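Q: Please read through the structure below; I'll follow up with questions.
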Amino acid sequence: MTEQMTLRGTLKGHNGWVTQIATTPQFPDMILSASRDKTIIMWKLTRDETNYGIPQRALRGHSHFVSDVVISSDGQFALSGSWDGTLRLWDLTTGTTTRRFVGHTKDVLSVAFSSDNRQIVSGSRDKTIKLWNTLGVCKYTVQDESHSEWVSCVRFSPNSSNPIIVSCGWDKLVKVWNLANCKLKTNHIGHTGYLNTVTVSPDGSLCASGGKDGQAMLWDLNEGKHLYTLDGGDIINALCFSPNRYWLCAATGPSIKIWDLEGKIIVDELKQEVISTSSKAEPPQCTSLAWSADGQTLFAGYTDNLVRVWQVTIGTR
């Protein structure tokens with residue numbers, strides 16, 4: 001008897017790539033998805049056989065692709081970043097923008113909330129990392145020892161006893177920053193291509209990075225060293241740790257690989273069955289991943305504008 005993933009359904013509603021998905025333990029029947037259609041959709045999960053969820057509300061306001069979205073820990077607010085160069089804070093009860101964050105000179109590629117929701121970090125194509133308060137005031141711009149190329153992803157560690165930010169960029173580097181003084185703690189060197197994503201484990205002890213070279217590299221955040229590398233075999237667009245299993249999920253081109261980190265083995269590989277009329281048609285790429293808070297459901301966003309929903313099931317292999 002092994003755990004495996006079963007496709008449960010899809011969420012249809014976007015008219016552009018699904019760039020990010022956010023879940024919250026406060027509201028297990030709600031998820032948010034960001035898209036290149038310039039909107040964020042708030043979904044009500046019905047878990048019906050035919051339709052896994054219905055679009056309840058579209059958050060509109062960005063004038064270009066929405067690149068990232070996260071939900072505050074109380075489930076009341078969402079934070080988004082866009083290629084229009086701004087961040088927006090949304091009140092999820094009303095669906096309105098409560099703050100616009102202006103300061104980046106180019107596309108915002110990534111946004112994150114600190115665990116206490118008091119600080120916000122953003123990464124941009126202007127090669128800077130900015131720290132903001134929730135009132136929309138930029139408190140600090142990291143330029144010293146910053147990335148020499150686009151900053152593709154920024155994340156806070158959830159561990160409040162080790163307050164750090166992890167970033168990655170198109171300069172192939174993973175950087176760890178001390179949140180107290182915004183100074184560089186560690187440069188993690190090893191990737192051979194540009195990086196798309198970095199994610200921190202739920203306990204804050206390690207992080208994983210991935211991008212063009214198809215390698216998921218794992219780094220020890222306490223010791224500041226490289227642990228091991230998992231071969232994804234294709235460009236890595238997104239990475240996320242399971243909230244309750246020692247698993248790492250990677251969006252590798254059109255498929256999703258799930259590794260058990262204890263044995264460093266693949267638990268499952270998720271591919272969507274594409275009935276293609278021409279063999280030259282490229283299958284949709286997986287661009288975003290998010291687990292439900294209970295770790296039983298995996299949401300995946302794709303370049304065919306769909307969110308596919310997979311569930312952990314017990315099966316016989």
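Each Cβ is built from the backbone N, Cα and C atoms, and glycine gets one as well.
Take a look at what Swiss-Prot says about it:
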type: MOD_RES; residues: MET1; note: N-acetylmethionine
type: MOD_RES; residues: THR2; note: N-acetylthreonine
type: MOD_RES; residues: THR6; note: phosphothreonine
type: MOD_RES; residues: THR10; note: phosphothreonine
type: REPEAT; residues: 13-44; note: repeat 'WD 1'
type: MOD_RES; residues: THR96; note: phosphothreonine
type: MOD_RES; residues: LYS130; note: N6-acetyllysine
type: REPEAT; residues: 146-178; note: repeat 'WD 4'
type: MOD_RES; residues: LYS183; note: N6-acetyllysine
type: MOD_RES; residues: TYR228; note: phosphotyrosine
type: REPEAT; residues: 231-260; note: repeat 'WD 6'
type: MOD_RES; residues: SER276; note: phosphoserine
type: MOD_RES; residues: SER278; note: phosphoserine
type: MOD_RES; residues: SER279; note: phosphoserine
type: MOD_RES; residues: THR316; note: phosphothreonine
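Tell me what's around each of these sites.
A: Other Cβ atoms within 10 Å of the Cβ of THR2 (N-acetylthreonine) number 10 in total over all chains. In three-state terms derived from DSSP, THR2 (N-acetylthreonine) belongs to an extended strand segment.
On its own chain, THR6 (phosphothreonine) has TRP310, GLN311, THR313, GLY315 as residues at least 6 apart in sequence with a Cβ closer than 8 Å to its own Cβ.
THR10 (phosphothreonine): 18 other CB atoms within 10 A of its CB, across all protein chains. In the three-state DSSP classification, THR10 (phosphothreonine) falls within a strand.
Within the chain, the repeat 'WD 1' (13-44) has long-range Cβ neighbours (under 8 A, six or more residues past its boundaries) at 53-60, 62-71, 73-75, 78, 80, 82, 90, 92, 95, 287-294, 299-303, 305-307.
Close to THR96 (phosphothreonine) in the fold, though at least 6 residues off in sequence, lie TRP90, each with a CB less than 8 Å from its CB. Mapped onto three states, the DSSP output places THR96 (phosphothreonine) in strand.
Close to LYS130 (N6-acetyllysine) in the fold, though at least 6 residues off in sequence, lie GLY103, HIS104, VAL121, SER122, SER124, CYS138, TYR140, THR141, VAL142, each with a CB less than 8 Å from its CB.
Long-range Cβ contacts of the repeat 'WD 4' (146-178) within its own chain (Cβ-Cβ under 8 Å, at least 6 residues beyond either end) map to 109-116, 119, 121-125, 127-129, 184-189, 191-200, 202-205, 207, 209, 211, 217, 219, 221-222, 224.
In the three-state DSSP reading, LYS183 (N6-acetyllysine) counts as strand.
Within the same chain, residues at least 6 positions away in sequence whose Cβ sits under 8 Å from that of TYR228 (phosphotyrosine) are MET217, LEU218, LYS264.
When Cβ-Cβ distances below 8 Å are used as the criterion, the repeat 'WD 6' (231-260) is approached by residues 3, 5, 196-202, 208-212, 214-216, 218, 266-272, 282-291, 293-295, 298, 300, 310 of the same chain, each at least six residues removed from its ends.
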Q: Restricting to the chain of LYS183 (N6-acetyllysine) and a gap of 6 or more, list residues whose Cβ falls under 8 Å of its Cβ, or answer none.
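A: Expected: ASP144, GLU145, TRP177.
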Q: In the repeat 'WD 4' (146-178), how many residues does DSSP assign to helix, to strand and to coil?
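A: The counts are 0 helix, 17 strand, 16 coil.
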Q: Indicate whether TYR228 (phosphotyrosine) is helix, strand or coil by DSSP.
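A: For TYR228 (phosphotyrosine) - judged by DSSP and reduced to three states - the answer is strand.
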Q: In whole Å, how far is THR2 (N-acetylthreonine) from THR10 (phosphothreonine) when you measure between their Cα atoms?
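A: Spelling it out, the Cα of THR10 (phosphothreonine) and the Cα of THR2 (N-acetylthreonine) are 24 Å apart.
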